[in-house]
Amino acid sequence: TPTPIIPLDPYAQDITIFLPDGTPIPLTLADVDYWASYGIRICINYASQIGASLVLLAVLLVLTLPQPHKRTSPVFALNALALATNGVRSILQCLYFTGPWYVAYAFFGFDYSGVPARDVGISCAASVLTLVTLGFIEASLVLQVHVVHVTARGLTKYGLLLMTALVAVMAIGFRFALTVLNCEAIVAKAPFDEWRWLAHANNITTTISIFVFSAIFVAKLALAMGDRKRLGMKQYGAMRVIFIMGCQTMVVPAIFSALQYFTDAPELGSQVITIVALFLPLSAIWAHSTMSAATGSSS
């Protein structure tokens, strides 16, 4: 009985690469296709973050040209620094996928002996800048919550300040631990699989901090809007604008953070920090524009 001929799938052909000692590594063309597609997707993702961060930073600087004293505001400085560091860290992340870390042999053979010290430093810098960006964002959120509640009673004001500071420290602490271990793995050119749980925990604590800060912020502004309505102030003012942007700051990054656990799109997780960094100065721009328009119309 002749052996039946099994049709060949040309898109899943077997190929073999070899380590320097001759050890074979069996692959398929499907593996190579995934490797190429993954790199392209990630670079597109980070490129969008580069453009959004640097364009909004330029808009912030242009809008404050007539009034340079606004650049001395702590909130402006923190938001601008968050955008700048986020743009730079996204550039460095792209360099990972266009450098020796992501060549086909190194990726499939787990052999990173050909990665020079310069690229090791670039990858470590990208990890550190992610921590720095998160620090600027958390500091901005703490400061804005404190400003919103500056007229509150002493116990409420300082209680909220303590609670938000603890939430910020928690998020930054997890990111700091992740950064240290990640940099150690990068320098040693070792796998990071045993610390995947810490990466997940870091995403969770970051999402929690976004919810806590924005919930406090939005709740206070919702009460202020209610007071304005009772006083008969029906104009679409800056408070309502900040309320809307606060909802976006809370919901949209949380959605992106949650979706990464239900999809196979790893690009979503890196967008969380970028979206918050974008929405914080956007709310300030929108509120300022609304207040300027209201002042002009009233005069």
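The backbone N, Cα and C atoms fix where each Cβ goes, glycine too.
Just so you know, TrEMBL annotations never went through curation; they're auto-generated.
Pulled from TrEMBL:
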TRANSMEM  38-63  transmembrane segment
TRANSMEM  75-108  transmembrane segment
TRANSMEM  120-143  transmembrane segment
TRANSMEM  155-177  transmembrane segment
TRANSMEM  197-219  transmembrane segment
TRANSMEM  240-262  transmembrane segment
TRANSMEM  268-287  transmembrane segment
Please indicate, using numbers and ranges, the residues of the same chain that are 6 or more beyond the transmembrane segment (38-63) and have a C-beta under 8 Å from a C-beta there. 76, 79-80, 83-84, 86-87, 90-91, 93-94, 97-98, 102, 265-267, 270-271, 274, 277-278, 281-282, 285, 288
At a threshold of under 8 Å on Cβ distances, which of 75-108, 120-143, 197-219 pairs most often with the transmembrane segment (155-177)? 197-219
